[in-house]
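Shown next, in C-alpha cells, is the structure this report addresses.
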Amino acid sequence: MIVGVPKEIKNNENRVSITPAGAYTLVNAGHQVIVETKAGEGSGFMDEEYISAGAELAANAADVFAKANMIVKVKEYVESEYQYLREDQLVFTYLHIANDASLADALLESKTTGIAYETIRGKNGGLPLLAPMSEVAGRMSVQVGAYMLQNYNGGSGVLLGGVPGVMPGKVVVVGGGVVGLNAAKVATGMGADVTVFDINAERMAYIDDISGGRIHTQFNNPYNLKEAVKDADLVIGAVLIPGAKAPKVVTEDMVKEMKKGSVIVDVAIDQGGCVETSTKITTHDNPCFEKHGVIHYSVANMPGAVSRTSTIALSSSTLPYVLKLADKGVDALREDADFMAGLNTYKGKVTFKGVADALGREYTDPKAALQEA
Ligand SMILES: NC(=O)c1ccc[n+]([C@@H]2O[C@H](COP(=O)([O-])OP(=O)(O)OC[C@H]3O[C@@H](n4cnc5c(N)ncnc54)[C@H](O)[C@@H]3O)[C@@H](O)[C@H]2O)c1
C-alpha cells in the first residue's frame, strides 16, 4: 500500500497523523509512506527524521494525494482538500460528518471509502481512537482554567492550589468520563478542591476508589449542581451522551450566580457544549469570551495546542489500525466488527447509522455494503 501523510491545514492544527516511528513500522511491513514536506514540523518531527525512517517526501499536498492509495490524516478534510477525494482511495482520519453535510456530500459523490477514527469501537466498549484526545483535553482543561483565573486574563485571581492558611480553589467537573477523570486528576494534583458530577454510580465509585476519596463525587441533578456551580472557581463541562448533542446541564441561571472572574471550560463544545452560555465555538487564536462576568473557554480542538503530546498519543493509538488497513485494505474491516464500525462512507453510501440519521440520509449496513463490493 502507498500511505500518504498530508500536512494538516486547519486553523492552528499542528498535529500530524504518522510520526517517523510509525513510518518506520509501515515501511518495515513492506509499505511505501509518502509524507508532505514539513507535515511533522508543528509537532517537532523534521523531514530528515521521516527520511531516516524510510519514508519519501512529497513537495506538496497534491503530490501526496495523487500518489497514495490510502490517506491518513488527523482532522477532517477542509473544502480545499475535497478536490483530492476519489473512489479508489481509502481515507482514515477524524471525519465528524454527522456535523458536516458538505464533507459528507463530497465523500459520497466521490465514492471515497471514509473510515472515521471517532466511530471505531474498542474490544471492551469505549471509543479507543477518541480516548487519547479526551485524555489530553481533560488534562489541558485545568491548565487553561488555572491560567484564565489569573488577574491579567480577567480572572478572579484565585490560585487553584491555595497556600497554607488559604483555602484552595473549587473545581466542579460535570461528567466523569475520560475528559472528566483526567481533569479531576490534574486539578487534585494542583491541590484544588475537586468534585465530579455524574449520573453513573459505578463510574463515581471507580473515581472514588482510585483517588482514595480525594476526588469528591456527587450525583448530578439540577439542585446539587446549582449549589456547587455557585461556589466554583472553575467549572469543566465534560458530559457526553454518545451519538447525541450534549445536554445543557449547566444552565444560564446557574452561570449568572457564579462569582465574577470565575472560569468555565466547556470541553464538550464539540458536541454542542453542556453549558447553556457556551454559545459559540472559539479558536486557539481567541479562545475566550465573557458572559455574566464569567470567562468562557470553548475551543473545539484543544489537543491541537499541545501537538507534540497529542500527535504521539493519537498516532500510537491509530498505528495498529493503519497497519491493518495497509496490509489488507477493507478486508481488515470485514474481519473485525469493531473496526467496521469506523466505516462511515463506502461507494457512495452512508454506512454509519448515527451519521445517516443526523444527515437525514439512507443508511446501508456496512457489512452489506462491503459484501456487495
Ligand atoms: N474540545 C475538545 O478539544 C475535545 C477533545 C476531546 C474530547 N472532547 C469532548 O469531550 C466530551 C467528553 O468526552 P469523554 O471522552 O470524556 O466522554 P465519556 O463518554 O468518557 O464521558 C462522558 C461522561 O458524561 C457522563 N454523563 C452523561 N450524562 C450526564 C449528565 N446528565 N450529567 C452528568 N454526567 C453525565 C457519562 O456518565 C460519562 O461518564 C465529548 O463531547 C468529547 O467529544 C472535546
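Each Cβ is built from the backbone N, Cα and C atoms, and glycine gets one as well.
Of all the Cβ atoms in the protein chains shown, 20 others lie within 10 Å of the Cβ of H96 (active site, proton donor/acceptor). If you look up TrEMBL, you'll see H96 (among others) marked as active site, proton donor/acceptor.
Taking a C-beta cut-off of under 8 Å and a sequence gap of six or more, D270 (active site, proton donor/acceptor) has these contacts in its own chain: H96, I281, A300, N301. What TrEMBL records for D270 (among others) is active site, proton donor/acceptor.
Residues or ranges marked as substrate binding site in TrEMBL: R15, K75. The Cβ of R15 (substrate binding site) lies under 8 Å from the Cβ of E8, G42, S43, V74, K75, P303, G304, S307, S310, T311, L314, each of these being in the same chain and 6 or more residues away along the sequence.
Summarising the annotation, TrEMBL assigns NAD(+) binding site to S134, D198, R203, V239, L240, V267, A268, I269, D270, V299, A300, N301, M302. In the three-state DSSP assignment, the secondary structure recorded for A300 (NAD(+) binding site) is coil.
The feature domain 'Alanine dehydrogenase/pyridine nucleotide transhydrogenase N-terminal' is assigned by TrEMBL to 4-137.
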Tell me which recorded positions (R15, K75, H96, L240) have a Cβ under 6 A from ligand 1; sequence order is fine.
L240
What DSSP reports for the domain 'Alanine dehydrogenase/pyridine nucleotide transhydrogenase N-terminal' (4-137) is 54 helix, 23 strand, 57 coil
By a simple count, how many Cβ atoms lie within 10 Å of the Cβ of L240 (NAD(+) binding site), its own Cβ left out?
21
